[in-house]
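**Q** There's a structure below that I have some questions on.
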Amino acid sequence: MKLTCMMIVAVMFLTASIFITADNSRNGIENLPRMRRHEMKKPKASKLNKRVCIADDMPCGFGLFGGPLCCSGWCLFVCL
């Protein structure tokens, strides 16, 4: 009996928290497809797509310390 009451209270609490934290912006769902189309026309480069590398003939550290690697992928004290 106690377990059933606890389950009912937990479900009510979770349901209330979902409604409280829900987005209350007006026409938020209706504007979503329009925003997606706009984003596809002008995609923003993410940090994962950006390539940070060291140019040729510049000193490199073999990538041991988490720094940028050579653009060519070859390092022998200088980028090759």
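Every residue, even glycine, has its Cβ placed from backbone N, Cα and C.
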**Q** Taking Swiss-Prot as the reference, C71 is linked by a disulphide to which residue in C5, C53?
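**A** Disulfide mapping in Swiss-Prot sends C71 to C53.
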**Q** Express the distance between the Cα positions of C70 (disulfide bond) and C53 (disulfide bond) as a whole number of Å.
**A** 5
**Q** Can you tell which of the disulfide-bonded residues (C53, C60) has the fewest other C-beta atoms within 10 angstroms of its C-beta?
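**A** With the disulfide-bonded residues C53, C60, fewest surrounding Cβ atoms within 10 Å: C53.
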